[in-house]
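Note sheet for the following structure.
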Amino acid sequence: MAEQDVENELLDYDEDEEPQAPQESTPAPPKKDVKGSYVSIHSSGFRDFLLKPELLRAIVDCGFEHPSEVQHECIPQAILGMDVLCQAKSGMGKTAVFVLATLQQIEPVNGQVSVLVMCHTRELAFQISKEYERFSKYMPSVKVSVFFGGLSIKKDEDVLKKNCPHVVVGTPGRILALVRSRSLNLRNVKHFVLDECDKMLEQLDMRRDVQEIFRLTPHEKQCMMFSATLSKEIRPVCRKFMQDPMEVFVDDETKLTLHGLQQYYVKLKDSEKNRKLFDLLDVLEFNQVVIFVKSVQRCMALAQLLVEQNFPAIAIHRGMAQEERLSRYQQFKDFQRRILVATNLFGRGMDIERVNIVFNYDMPEDSDTYLHRVARAGRFGTKGLAVTFVSDENDAKILNDVQDRFEVNVAELPEEIDISTYIEQSR
């Protein structure tokens, strides 16, 4: 049951990092620091990367025309098999870097796993596997599977035995359990990827799992690691897995604000939050909204209250069975519901393209969690709005930490907000 314990740990985000110092100056060639103004769209197109026609067709189907800054910097080297260590803001398309780079290079061999991608939560693993399916749409010979705790390991073992995937996405606990049961063979892995790598490498037990898995893969392979937050303490740990990696840090790490995202706070008592939330949902224009709360109980109660007030809400929290969480996540992603109430479980790495407003109904516990929550709105260079409720001195302190660390001014919510500042106008 050891892997179950690891999996359960993955569900909560204990964001206890120290505020990050500006980027270290230790030389580690080749390194790219992409600073200056935040330009999310480059004039070059995906065609410039000379990708397979099947990939280009899938990219067109997804509606992407130009690579983001991080894609522009990473993809040309990544598709050549170079090791990559990349830190870039949430919502800038890091996932597509390793999905496209690995699919570009993959030469599927029946019965062999070529690509191993690991991340720290089940939901993120599920989402990454969906991205692989989306981009490999015109590559029918490429098989993708996702493995994580909370679901029957027997089913996973059957999949590996009867229909061995070329791309495996999963959480470290379940991957290690499958390796130990001799169901998963990693001897042919050519690409080893960690997404939100800091989350896995900061927790010592999870780092041990990752290291054990890493040692079971061939010495000659490509290693890529990505995260929105990479403290200077964790970077040397990442480098130990790599050989002369290309390091890409998009923008200064203290300035992890998101282009196009309007950020405001509202000062009020805890007892006034519901009324204020309902008022704002009435007056603001939104495609989809995520409301973050601090506990399962508050999540369930608020979702119920919203439904009673005729707001189409759905809840996701860590008290739910795994299948139920994934089903609800998919419902929200498919636009069946427009309002999602969630705990931190949902806060990191989740990608819902239509979300343009995030509410911190309860203040996140620290500045990192704040970043990963508000990054749900305004992803991939689009506009968005983040509203944070401040109800006591501790809330105010955390908001000050956010402003100091990310060098951003979070102003008090004005009486009226120009709709064009937080929602894309249809052309």
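Residue 1 is the first one shown; counting continues down the chain.
Placement of Cβ uses the backbone N, Cα and C atoms for every residue, glycine included.
Because the structure is a prediction, the values reported are computed rather than measured.
Residues or ranges marked as ATP binding site in Swiss-Prot: ALA88, LYS89, SER90, GLY91, MET92, GLY93, LYS94, THR95. A sphere of 10 angstroms centred on the C-beta of MET92 (ATP binding site) encloses 25 other C-beta atoms. Reduced to three states, the DSSP call for MET92 (ATP binding site) is coil.
The annotation compositional bias 'Acidic residues' is assigned in Swiss-Prot to 1-19.
Annotation comment: Swiss-Prot describes LYS31 (among others) as SUMO2 cross-link, evidence class similarity to another entry.
Among the features that Swiss-Prot reports, SUMO2 cross-link is placed at LYS35 (among others).
The feature SUMO2 cross-link is assigned by Swiss-Prot to LYS154 (among others), with similarity to another entry given as support. Around LYS154 (SUMO2 cross-link), no same-chain residue at least 6 positions away in sequence has a Cβ under 8 Å from its Cβ.
Cβ neighbour count for LYS162 (SUMO2 cross-link): 7 (other Cβ atoms within 10 Å of its Cβ, all protein chains included). Taken from Swiss-Prot, the feature SUMO2 cross-link applies to LYS162 (among others).
What Swiss-Prot lists as SUMO2 cross-link is LYS240 (among others). In this structure, LYS240 (SUMO2 cross-link) belongs to neither helix nor strand by DSSP; it is coil. Cβ-based neighbour count (10 Å, all protein chains) for LYS240 (SUMO2 cross-link) stands at 9.
Per Swiss-Prot, SUMO2 cross-link is recorded for LYS255 (among others).
Here Swiss-Prot flags 75-248 as domain 'Helicase ATP-binding', drawing on sequence analysis.
Mean pLDDT for the domain 'Helicase C-terminal' (260-421) in this predicted model: 86. Per Swiss-Prot, the feature domain 'Helicase C-terminal' maps to 260-421.
The feature N-acetylalanine is assigned by Swiss-Prot to ALA2.
The N6-acetyllysine annotation in Swiss-Prot covers LYS35 and is backed by similarity to another entry.
According to Swiss-Prot, the phosphoserine annotation covers SER37 (among others).
Marked as phosphothreonine by Swiss-Prot: THR171. Annotation note: THR171 (phosphothreonine) sits in a coil segment as assigned by DSSP.
For SER426 (among others), the entry in Swiss-Prot reads phosphoserine.
The annotation region 'Disordered' is assigned in Swiss-Prot to 1-36.
Helix first, then strand, then coil: DSSP counts for the motif 'DECD box' (195-198) stand at 2 helix, 1 strand, 1 coil.
Within 10 Å of its Cβ, the residue among the binding-site residues SER90, THR95 with the fewest other Cβ atoms is THR95.
Here LYS240 (SUMO2 cross-link) is positioned 21 angstrom away from LYS94 (ATP binding site), judged by their C-alpha atoms. When secondary structure is read from DSSP and collapsed to three states, LYS154 (SUMO2 cross-link) falls in the helix class. In this view, GLY91 (ATP binding site) is surrounded by 25 other Cβ atoms within 10 Å of its Cβ, with every protein chain counted. Cα of THR95 (ATP binding site) to Cα of THR171 (phosphothreonine): a distance of 16 Å. Within the motif 'Q motif' (44-72), the DSSP-based counts of helix, strand and coil residues read 17 helix, 0 strand, 12 coil.
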